[in-house]
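> One structure follows; several queries about it will come next.
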Amino acid sequence: RKPCGKNEVWTECTGCELKCGQDEKTPCALMCRPPSCECTPGRGMRRTHDGKCVPVSECPRKMPK
């Protein structure tokens, strides 16, 4: 397995990882996905568009239209 990056943990039964822009209430099917590194659960982390795990406060801001 590949080493996990900053703010990631190896998880045998991964769930739905939240991405920047998604909130805690985003629906998720309760099923295991293949083992992989995921953003540290329960710590308010989100996956950015370029694959990094960052705190919600560091998610890129959407530009107004």
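Using N, Cα and C of the backbone, Cβ positions are placed for all residues, glycine too.
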> Name the residue from CYS4, CYS13 that Swiss-Prot records as disulfide-bonded to CYS37.
CYS4
> The disulfide recorded in Swiss-Prot for CYS20 goes to which of CYS53, CYS59?
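Going by Swiss-Prot, CYS20 is disulfide-bonded to CYS59.
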> Look at the disulfide annotations in Swiss-Prot and name the partner of CYS13 from this list: CYS32, CYS39, CYS53.
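If we follow Swiss-Prot, the cysteine bonded to CYS13 turns out to be CYS32.
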> Cα-Cα separation of CYS20 (disulfide bond) and CYS13 (disulfide bond), in Å?
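Cα-Cα distance, CYS20 (disulfide bond) to CYS13 (disulfide bond): 22 Å.
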> Using Cβ atoms only, which residues of the same chain lie under 8 Å from CYS13 (disulfide bond) while being at least 6 residues apart in sequence?
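Those within reach of CYS13 (disulfide bond), by Cβ under 8 Å and sequence separation of 6 or more, are CYS32, ARG33, PRO35.
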> Give me the mean pLDDT over the domain 'TIL' (4-59), rounded to a whole number.
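A mean pLDDT of 89 is what the model gives the domain 'TIL' (4-59).
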> Using DSSP, what's the helix, strand and coil tally for the domain 'TIL' (4-59)?
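Within the domain 'TIL' (4-59) the tally stands at 3 helix, 17 strand, 36 coil.
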